[in-house]
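Please read the structure below before turning to the comments.
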Amino acid sequence: MESLFERVPPACVLAEFLGTLLFQFFGGACSSTAVANGLTVAALGNGLCLAVLVYSTAGISGGHLNPAVSLGFWVNGRLGKMRFMLYVAAQLLGAIVGAVMLRICLPPSFLGHPFVTQGNLSAAHPVQVFILEFLATFVLVYSVFATAVDQKGAAKNAAPLTIGLSVAAGIFAVGPFTGGSINPARTIGAAFAFWDADNIIIYILATLGAGFAAGTFYNSFFLDMQAPQPEERDNEPNEFWDAKAREMTNSKATKSMY
């Protein structure tokens, strides 16, 4: 019988943990200055940070760094159940550790900023929070499927940058009203570290619901390839990066012939 580590290499889980930890820490640090320096710092800081970390982890784990993304893959048969559960556990733990580290490092004057604690810059109604977070997360997961999964997507090497920019755009759009979570792990991590769980259920339901909806929508209407079976996905991070590895291998083999 196949062992757990044979099905899901520890390196993949570690990459998701470390990537989410760093995203929570550096993204949260950028967001903590938004009140003083404006929304641009938070939006571009988070977007660029995510792009770098997706580039860094994509070849190892697929670079999900977000339970909403992992959910979109799992419900559409592009991620095995065991890998999905381990990824989400790693992402949640990474987000909590990153948020705790951020709280330790932030000066006391920053701890009361609503962007850091409540993830909320205005008294938005819970229904408004749900809709805004749902739409922003939908765009993120949609962009993941369009650039990193769909083999017809253009500029494949730019997929992580596109994903990062989708988060930056989301924060520009909804940040003033919701704080721009777009990631249930980051919401849970911040709630734990700063002991503030205002509207946490709304954020979790909105982001996970968007991950499910965006992944299912794109997979159902735009992908013309046969969706891989879950058990086939436990040994592969994701379709796009597997294809890139094959392209690189074939390219090297071709060059060696001349």
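Each Cβ is built from the backbone N, Cα and C atoms, and glycine gets one as well.
If you check TrEMBL, you get these features:
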- 12-35: transmembrane segment (TRANSMEM)
- 41-63: transmembrane segment (TRANSMEM)
- 84-106: transmembrane segment (TRANSMEM)
- 126-149: transmembrane segment (TRANSMEM)
- 161-180: transmembrane segment (TRANSMEM)
- 200-223: transmembrane segment (TRANSMEM)
Range from 12-35, 41-63, 161-180 with the greatest count of C-beta pairs under 8 A to the transmembrane segment (84-106):
12-35
What parts of the chain pack near the transmembrane segment (12-35), using Cβ distances under 8 Å and only residues at least 6 beyond its ends?
41-42, 44-46, 49-50, 53-54, 56-57, 60-66, 83, 86-87, 89-91, 93-95, 97-99, 101-102, 105-106, 110, 113-116, 121, 175, 179-180, 185-186, 189-190, 237
